[in-house]
Amino acid sequence: MNKKDYYDLLEVSRNASTDEIKKAYKKLALKYHPDRNPGNKEAEEKFKEVTAAYEVLSDSEKRAGYDRYGHDGASGGFDFSQAGGDFSDIFNDFFGGGFGGSTSRSRTKRSTTGVSGADLRYDLKITLEDAFKGIQAPIHYVTNIKCNTCQGTGSEGAIKPVQCNTCQGSGRIRTQQGFFTIERTCTTCYGEGEIIQNKCKKCGGSGRKRDEVNISVSIPKGIEEGAKVRVSGKGEAGARGGKSGDLYVCVKIATHQIFTRNRADLHCKVPIRMTLAVLGGEIDIQSIDGAKIKVKVPEGTQTGTKLRCREKGMPYMNSHARGDLYVQVIVETLNPKNLTQKQIELLKALEEEEHESVEQKSEGFFGKVKKK
């Protein structure tokens, strides 16, 4: 998944100081906050983007990793996006909980449990034939899955978590600094609002463990290079009962030996004899589905000419229709080493006739030039 540059999102240079980054974020966060743009999905998405950028660039370690390795370095080596994160947590560090309705939950007991898992990306390479017919692709990857001992709760046995005394179950801590009220995530319960007294020995209280996942993903026919197939709930498991993220399978199509692709159309180059190009005829070629088709070559076909075979290309996504196949003919020059004596004599005779014809045309042409 393509990600925007964090410095560009915050409209700062790569040498910007921490204070400059904070000021830039504050300005943009106020501009795009959902409470100031009700119903504006574009503004909401922009708010999430600048908040994600600030979360990385305001942290010296994450910023160093991002500067060196890009988005992978900022996320600890994994290529995922934390789509389920609560961006208002970071926003509240600047403005407290009184900006608007979307941050009011920080003043009351948390109604949600756990932390949502991250979305994951998996690059899958398939053949053009696979993309033509569609396949069930077996894939495997390693991620955090739900702990089967505690069933994702993080607690050992039937003992339930208790309310955090530090934040009184809100998951947030407020501190007064002059005229400003600063609100931050509770460092005792890490924003959960509750404490696990008897942690699961298998997962250490996180509710998840590291393991390999094996699944089969349906790749539809007609899929194009770079397309993403979303597998709901197959991303990283949420912590302590949180919602699992999604898996995005990014399709890469291997280069084909014969065909090139442009959307649903296919293109190929086919060499033909000089005599066939002159006299016309038919050639047999094999289409992407393995079937043989006859392609008519008109008389006098020149090298580079494209012959169209309707509905012999790739299928359109979610449709029974197909694109076209374009056959570009390449007229081969005869090699005298591969010709018989009779063939050479016939070519010489043809050349003599052609030479006389060309001379007559040349004389007529230059005669017109002289008259002018």
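The backbone N, Cα and C atoms fix where each Cβ goes, and this holds for glycine too.
Just so it is clear, the model here is predicted, and its values are computed rather than measured.
The domain 'J' annotation in Swiss-Prot covers 5-70.
For 134-212, the entry in Swiss-Prot reads zinc finger. Remark: secondary structure over the zinc finger (134-212) totals 0 helix, 35 strand, 44 coil, with classes taken from DSSP.
The repeat 'CXXCXGXG motif' annotation in Swiss-Prot covers 147-154 (among others).
Cβ environment of C203 (Zn(2+) 1 binding site): C147, T149, C150, G154, K209 lie under 8 Å away, each six or more residues apart in the same chain. Annotated Zn(2+) 1 binding site per Swiss-Prot: C147, C150, C200, C203, in sequence order, evidence recorded as sequence analysis.
Among the features that Swiss-Prot reports, repeat 'CXXCXGXG motif' is placed at 164-171 (among others).
According to Swiss-Prot, the feature Zn(2+) 2 binding site maps to C164, C167, C186, C189, an assignment based on sequence analysis.
The repeat 'CXXCXGXG motif' annotation in Swiss-Prot covers 186-193 (among others).
The repeat 'CXXCXGXG motif' annotation in Swiss-Prot covers 200-207 (among others).
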C-beta crowding around C150 (Zn(2+) 1 binding site), within 10 angstroms: 25
Counts by DSSP class (helix H/G/I, strand E/B, coil) across the domain 'J' (5-70): 47 helix, 0 strand, 19 coil
Confidence summary for the repeat 'CXXCXGXG motif' (164-171), mean pLDDT rounded: 88
Packing count at C186 (Zn(2+) 2 binding site) (other Cβ atoms within 10 Å of its Cβ): 18
